[in-house]
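What Swiss-Prot says about this protein:
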BINDING   Gly10, Pro11, Ala12, Ser13, Ser14, Gly15, Lys16, Ser17, Thr18  ATP binding site
Amino acid sequence: MKAIRIAIDGPASSGKSTVAKIIAKNLGYTYLDTGAMYRCATYIALKNNYSENDISAILKELSEHPITFKKADDGSQLVFLGTEDVTLAIRQNDVTNNVSWVSAIAEIREELVAQQRRIAQDGAIIMDGRDIGTVVLPDAELKIFLIASVDERAERRYRENLEKGIDSDFETLKEEIAARDFKDSHREVSPLKAADDAIVFDTTGVTIQGVVQFIQEKAEKIIDMS
């Protein structure tokens with residue numbers, strides 16, 4: 001039975017990470033949150049007041065403080081920059097609102113994509129992000145592109161923020177998500193788009209379990225055929 005690679009792409013708050021984690025657990029696969037890696041680079045930039053002109057400094061920080069993922073006692077994923085636990089810090093609004101310009105820097109994408117490919121080379125992995133199926137794993141056995149309405153995605157982000165104790169305004173979240181959609185889909189480097197061979201699935205009004213079932217059935221069919 002072959003260990004496959006699953007790529008899940010889509011815009012902000014389309015449900016990628018939530019379903020990817022569940023499917024990875026169900027299949028016994030490794031889950032890699034590539035978005036967290038770009039958030040780490042953004043956190044570095046904001047913490048040090050770096051701009052687009054400080055690319056080498058950001059890369060140096062990433063080299064000196066490598067990104068690693070660990071499991072908490074409750075099974076949740078922790079994100080570290082060197083020895084610093086940045087799991088919550090990289091989910092703050094200032095990071096969310098700045099990650100687009102950092103992730104648009106070609107040199108940073110090249111470095112993080114190289115790391116992601118090294119991790120995925122043995123298969124049995126599920127990755128979610130913006131360009132997994134188009135750039136990071138163009139030969140992935142299963143590619144999914146999730147979409148959802150701006151209203152639904154803002155509602156999801158609002159609930160997530162409440163659970164994490166982050167103050168947010170629903171209308172502001174809608175504006176921020178729409179703005180990020182535009183930035184992500186219009187950037188010169190690795191713009192947000194579905195791979196030609198990706199399965200596009202609209203999650204608006206669909207439960208998390210419904211999305212998980214849809215993707216997992218596709219994955220299991222490919223695994224059984226391998």
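Cβ atoms are placed via backbone N, Cα and C, with glycine included.
Everything Swiss-Prot records as a feature, shown here on the structure.
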residue	record	CB count, 10 Å
Gly10	ATP binding site	24
Ala12	ATP binding site	25
Ser14	ATP binding site	27
Lys16	ATP binding site	26
Thr18	ATP binding site	17
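Each of Asp128, Leu146, Ala148, Arg153, Arg156 belongs to the same chain as Gly10, Pro11, Ala12, Ser13, Ser14, Gly15, Lys16, Ser17, Thr18, is absent from that list, and has a C-beta within 8 angstroms of the C-beta centroid marking the ATP site.
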